[in-house]
Structure formats: structure tokens, C-alpha cells
Amino acid sequence: MWLYTFAVALIVIAQEINGEPHTRPSSATPLNATLPPQEEGSAQNTTDAAVGSRLSTILRDLPTIKNISIFICVLTTLLITCLVIKICRSARKIRKTRKYDIITTPAERVEMAPLNEENDEEDDSTLFDVKYR
């Protein structure tokens, strides 16, 4: 939801940078309207004008579209960079996993002990809770 709000705010800001928001002229004729035979040539001109007005609208808004596209590309690049940095940092932190074995003693006491005792340089204070069912 915050992304949608951010996108709307960005569009509003971009419109304010380029000036007042422009309203598009309605060049469409009603669907049930009939043209007299002498106006058939002007119907072709109306269609050309409608296409021309759409293109002029796109061309008028081209700087805004360009600014939004550049912003989205920069944001995507930043996100990808952050993910790559996070992956590189986590790859450095991966340590050799210690494997544990179950040692059973009388009176149902169970404890965990490392299998390889030669790597006891670290003070390992991991506690294991065993629950009996």
C-alpha cells in the first residue's frame, strides 16, 4: 500500500514540476450520432485529429514519463545493489556447522555434545532442551 501511495505522490510531484495538470480534450463523438453525407470527409479529419491529439498528449507528457522512468530505474538499481551487498555479507558470516551427537546417560538424562572435539576454541554456550512425551 505504501508503494502505491508513493507512486501517486511521485506522479503528482512530477506534474507540479512540469506545470499545471492538463485535461485531455474529448474528441470522441457519441456512438449513436449519424453524420450527414456532406460531412464524411470531415469524419476522416476528426479521426486524424483524435490520433494527433493523443500523440500530442504523449509528447507533452514525455518529460514526466522520462523522469518517472529514470526514477524507477534508479530505485531498482539501488534495491539490487542492497540485495547483492546483503548476500555478500551473509556469505562471509557462514561458519562451519557443528554436528552434534546424542549422549544418553542413565535415568533418562539426554545431553548433546559436539562430535568433533578438536574445534573447542570458541566458548559454545548452546543449550538444548529435551522434552519427553
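Each Cβ is built from the backbone N, Cα and C atoms, and glycine gets one as well.
Copied from Swiss-Prot, the annotated features are:
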type: COMPBIAS; residues: 117-126; note: compositional bias 'Acidic residues'
type: CARBOHYD; residues: ASN32; note: N-linked glycosylation site
type: CARBOHYD; residues: ASN45; note: N-linked glycosylation site
type: CARBOHYD; residues: ASN67; note: N-linked glycosylation site
type: REGION; residues: 22-47; note: region 'Disordered'
type: REGION; residues: 113-133; note: region 'Disordered'
type: SIGNAL; residues: 1-19; note: signal peptide
type: TOPO_DOM; residues: 20-67; note: topological domain 'Extracellular'
type: TOPO_DOM; residues: 89-133; note: topological domain 'Cytoplasmic'
type: TRANSMEM; residues: 68-88; note: transmembrane segment
For the transmembrane segment (68-88), distant same-chain residues with Cβ under 8 A (at least six beyond the ends): 10-11, 14
DSSP three-state assignment (helix, strand or coil) for ASN67 (N-linked glycosylation site): helix
Other C-beta atoms that fall within 10 angstroms of the C-beta of ASN67 (N-linked glycosylation site): 15
Local confidence of the topological domain 'Extracellular' (20-67) - pLDDT mean: 65
